[in-house]
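Novice: Got a structure for you, written out below as structure tokens; questions coming shortly.
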Amino acid sequence: MLTTVLFGLVDIRVDDPVAFTFFTGYMAMLAASVFFFAERGSVEGKWKLSLLVSALITGIAAIHYYYMRDYYLSTGKTPTALRYIDWTLTVPLMVVEFYLLTKAAGAKISLLWKLIAAAVFMLVTGYIGEAFTDGSAGHSMLWGTLSTLGYVYILYSAWFGEVAQLANSTGDAIVIKGIRALAWFVLVGWAIYPIGYMCMPGGLLNIGLGWQPSNVDLFYNIADAINKIGFGLVVYGIAASGKSAAAVRELSPTA
Ligand SMILES: *C/C=C(C)/C=C/C=C(C)/C=C/C1=C(C)CCCC1(C)C
């Protein structure tokens, strides 16, 4: 009864890991959002916007998880539309982080637009692949491959392209290390999504392994928690190391 009032829903079965990750995902995003928002006040001015963006990413995700959780529990289905609405807002905000961190090194607004275009391309093609599937391998592979092109563009930029070069040109060890950490998230953390995608009917991993369509959500929920909160923590790490440098300067003005 109390849980029904608090959470407005029925029950989570103990043998339903998907429901479990929807709940923990929601709570983790909410907590992370509050944390990043609160910490905004304690970092140097030039990092405040980056931290606000981190809070927005996890905050927007928390709201979508609230609805996705209910959708999944009441229908047992994958909340594809809600998922992609969430991503369409949060992935562009994640590439904004790349732009903000390299802006001091001269990143132009055109870089931001290129990254956003690649992200939107990746998500629109992925959405077509999932939402309009006829269950065939051909459909799944065609749209999955197209989507991967957008992903590879962002990955390349973060590791070797404009983003990486701008980061290196700052000569700032903290920024270089931070961008490299974000690039690792894009390489490893973001790679979990295509694995989830391939679990759906017609996907390469949906080949009689006994996997259900809801395995897609298991992968997506875990990946979201790792990537959205991880990205935010890296940005926070960069901002907070600026704070400790400032504290050292204050303590020893001659240093
Ligand atoms: C917070 C949400 C994030 C970081 C979402 C990232 C999503 C992706 C990197 C999705 C990539 C996909 C492919 C590379 C191919 C198959 C279709 C997608 C959309 C699952």
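Each Cβ is built from the backbone N, Cα and C atoms, and glycine gets one as well.
From TrEMBL, here are the annotated features:
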| type | residues | note |
| --- | --- | --- |
| TRANSMEM | 20-37 | transmembrane segment |
| TRANSMEM | 49-68 | transmembrane segment |
| TRANSMEM | 80-99 | transmembrane segment |
| TRANSMEM | 111-129 | transmembrane segment |
| TRANSMEM | 141-160 | transmembrane segment |
| TRANSMEM | 181-198 | transmembrane segment |
| TRANSMEM | 218-239 | transmembrane segment |
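Walk me through the surroundings of each of these features.
Specialist: If one looks beyond the transmembrane segment (20-37) by at least 6 residues along the same chain, the residues whose Cβ comes under 8 Å of a Cβ in the stretch are 12, 51-52, 54-56, 58-59, 61-62, 65-66, 68-69, 72-73, 217-218, 221-222, 224-225, 228-229, 232, 236.
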Novice: Same-chain Cβ contacts of the transmembrane segment (141-160) under 8 Å, 6 or more residues past its ends?
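Specialist: For the transmembrane segment (141-160), the sequence-distant neighbours (Cβ-Cβ under 8 Å, at least 6 residues beyond its ends) are 95, 98, 111, 114-115, 118-123, 125-126, 128-129, 179, 182-183, 186-187, 190, 194, 197-198, 203-204.
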Novice: Do at least three CB pairs under 8 A connect the transmembrane segment (181-198) and the transmembrane segment (49-68), leaving out pairs fewer than 6 apart in sequence?
Specialist: no
Novice: Which residues, given as numbers and ranges, are at least 6 beyond the ends of the transmembrane segment (218-239) yet have a Cβ under 8 Å from it?
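Specialist: Tertiary neighbours of the transmembrane segment (218-239) are 17-18, 21-22, 24-25, 28-29, 32, 36, 39, 43-44, 47, 50-51, 53-55, 57-58, 61, 83, 90, 94, 97, 101, 174-175, 178, 181-182, 185, 189-190, 192-193, 195-196, 199.
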